[in-house]
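Record features, source TrEMBL:
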DOMAIN    23-148  domain 'Peptidase S26'
ACT_SITE  Ser50  active site
ACT_SITE  Lys94  active site
Amino acid sequence: YSSGENSGSDNKDAHHGSLVHRLTFFIQSLAAAYLFREHVCELTVCVGPSMMPTFNPKGDVAFVEHISVARQTIEVGDVVIAKSVQNPRQVVCKRVLGLPGDRICSSSNRYDVTENRGRVNGGQSWVYGEDDDCVVIPPGHVWLQGDNTM
């Protein structure tokens, strides 16, 4: 038998415990969602004409998986999301055209890739080829370009 003297106090403790439990669950859920988005996959919107006709210039939703980057399995032809060189706060959607060691030559909006992967010295920076329109991609870098060459 309970006299009911502590029932108000018990309700407050139960409510307080429930609130702490809910807050803890909410914070854990936010942390899990953040880790999932950063390390597994996310959805993003690709806007602009540079990836026409692959993506609509007014914006298409793209599924972005992060596992290939972590495993270093990016290949020529992959579409990637990367930080903009001009504005690192912005991301761009581009296609991988060349990998480390590849020689990229440009002329009149056309790029030719010579595959020389693995033949670049470890600490070498961008190496210009026989003429100023050619570069060799150094380790740790890739050549990105939009699909729209018009």
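Each residue, glycine too, has its Cβ placed from N, Cα and C.
DSSP assigns Lys94 (active site) to a strand in the three-state reduction.
Mean pLDDT for the domain 'Peptidase S26' (23-148) in this predicted model: 80. Within the same chain, residues at least six positions away from Ser50 (active site) with a Cβ under 8 Å of its Cβ are Val92, Cys93, Lys94, Gly146, Asp147, Asn148. There are 21 other Cβ atoms within 10 Å of the Cβ belonging to Lys94 (active site).
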